[in-house]
Amino acid sequence: MAGPVAEGKPQQYSESDPDKKPSVGPGSLTASETADLETNTVNEKSLLRKLDIRLLPAVGILYLLSFLDRSNVGNARIEGLADDLGMTGNQYLTGLTLYFIGYVIFEIPCNIVLKRTTPRFWLPTLTILWGIVATLMGIVQNLTGFFIARFFLGVTESGLFPGVVYYFSMWYKRRERQFRISLFFGAAALAGSFGGILAYGIGFMRGTVWEHGWRWIFILEGIATVVVTVAAYWFIYNYPDTAEFLTDKERKFIHTRLASDSDATHDERFTWANVLRALKDPKCWLYGLSFHTMSLPLYTFSLFLPSIINALGYRAAIAQLLTIPPYAFAFLTTLGVATISERLHQRAIFIIGSAVFAIIGYIMLLSNKDPIARPGLSYAGTFFAAGGIYPATALALSWPAINVSGQTKRAVANAMQISIGNLGAVLGTQLYRSGDGPRYIVGHSFALGYLAGNVIVSSLLYFILSRENKRRDGIAPEVQEVGTLEDWDGDEDNRWRFQY
């Protein structure tokens, strides 16, 4: 496992001595030139804070809106959605499934488009498109309209998360990405809290134009997405070479620090051969399986939590409010686990620990034989479930970002992970059937089983990656200055070491 690297010390060089200035062209840096650059006047710690302030809030807001617009259907359900559209049996679940089918199909194509365009164009465009679809979902008049809207919501949202994970890899060093991905994913937990607050408030609009308030949930939250995202064309930046908020000296420094441990500085052209590299790599499939085993509990929790709490005997408005604390707890555990994981440079063990924490929650939910008489036990179980699911998912989603080298391969691997992962969500949407409450034995049992599966997959990845690192240790020494190598062959190069 790659060891920690010192961070945050001010770097200085003499501007009066041009011979001391580094060359920053790809492949042009020698070890001495790199050392000279690291004596630059750029303060690395301050620069990282500057990048975080400029990049993380922008994409975090987009993901918060994304998760809000995909999961607010759970809030809408208990505000009269099913009754108004005449849903019977498990037709509501079919609508949830169609979202993920669209999501899975368009995941990889969207990341290929990102690679061939720019983040400033592609990410806000996707967001505006799904904001329009989310708004239109509030005026559907029948079941067919609901199904079509859910499918296209999945299509338009499919490119954001894998796109942002790839985007981070072009700004941050390997050891810095996992923490940023966790912060970014923390917006999903915040979306759950905001969703509960908004649904509670919007619920009071029932009787305004329409009898029930569910339409206003979609319309107002969808319009908010469109309005906020128009500004994203200005506050989303492309890559360090063109970002307006950086000085030339900072660009050179970023170029060199990225070259020290990743391929982000390579001028890699898109080729289908590099796409196939990802598809042929078993580790990329395992990264996908790691998220697959988390996506079912993640999405069943976020989509059905209002229904689960409502089935405990609480009326709709109170159930909306009671969804807020578990999500707030999940946000705190996500940040806490990510921070400790980053400091200790450990990934797999914290994924496993978080999954076990969530398993405890589902054991509490399943063991409560009379949830209506004892709602406190089941409600406490939702805290354990949320507090484990979200940090485990955040860490699992960082596998490709920190371990796949080769820009196109990494972009495809990120998309593969989300596509494979969301197949678990497709199954999950069919598990919490209308007649299964309040215990929801089938749904909770599947979630528990999938979490146990994640423990197995994460343990397997730990074993495979550590064994591969040991094998490579006997062949060639590790080289971290990947960006300076002209003969670099991606993570298949024996000089590359995996992080686990």
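Even glycines carry a Cβ here, placed using N, Cα and C.
Predicted, not measured: the structure shown is a model, and the values here were computed from it.
Look at TrEMBL and you will find 55-470 tagged as domain 'Major facilitator superfamily (MFS) profile'.
Feature annotation from TrEMBL assigns region 'Disordered' to 1-36.
Nonlocal intrachain contacts for the transmembrane segment (93-114), taken as residues 6+ away from its ends with a CB within less than 8 angstroms of a stretch CB, comprise 70, 73, 122-123, 126, 143, 146-147, 150-155, 157-159, 162-163, 166-167, 270, 275, 299, 303, 411-412, 414-416, 418-419, 422-423, 425-426, 429-430, 432-433. Annotated transmembrane segment per TrEMBL: 93-114 (among others), in sequence order.
Residues or ranges marked as transmembrane segment in TrEMBL: 121-140 (among others). Within its own chain, the transmembrane segment (121-140) has Cβ neighbours under 8 Å at 59, 62, 65-66, 69, 85, 110, 113-114, 146, 149-150, 152-153, 156-157, 159-160, 163-164, 167, 214-219, 221-226, 229-230, 232-233, 236, counting only residues six or more beyond its boundaries.
The feature transmembrane segment is assigned by TrEMBL to 146-169 (among others).
The transmembrane segment annotation in TrEMBL covers 181-202 (among others).
TrEMBL lists 214-236 (among others) with the feature transmembrane segment.
Here TrEMBL flags 284-305 (among others) as transmembrane segment. With a cut-off of 8 Å between Cβ atoms, the residues of this chain six or more beyond the transmembrane segment (284-305) that come close are 67, 71, 73-74, 96, 100, 188, 192, 278, 323, 326, 351, 355, 358, 362, 382, 385-386, 389-390, 392-393, 396-397, 399-400, 403-404, 412-413, 416-425, 427-429, 431-432, 440, 443, 446-447, 450-451, 453-454, 457-458, 460-461, 464.
Residues or ranges marked as transmembrane segment by TrEMBL: 317-341 (among others).
Residues or ranges marked as transmembrane segment in TrEMBL: 348-365 (among others).
Under the heading transmembrane segment, TrEMBL lists 377-399 (among others).
Long-range contacts of the transmembrane segment (411-432) within its own chain (CB-CB distance under 8 A, at least 6 residues past either end) are made by residues 90, 93, 96-97, 99-101, 103-104, 107-108, 110-112, 114-115, 158, 161-163, 165-166, 274-275, 278-279, 281, 284-285, 287-300, 303-304, 307-308, 397, 399-401, 404, 440, 442-443, 446-447, 450. According to TrEMBL, the feature transmembrane segment maps to 411-432 (among others).
Look at TrEMBL and you will find 444-465 (among others) tagged as transmembrane segment.
Within the same chain, residues 55, 59, 62-63, 66, 69-70, 73, 85, 94-96, 98-107, 110-111, 113-115, 119, 122-123, 126-127, 129-130, 133-134, 136-137, 140, 177, 180-181, 184, 262, 264, 397-398, 400-401, 407, 410-411, 414-415, 417-418 sit at least 6 positions outside the transmembrane segment (146-169) and bring their C-beta atoms closer than 8 Å to a C-beta of that stretch.
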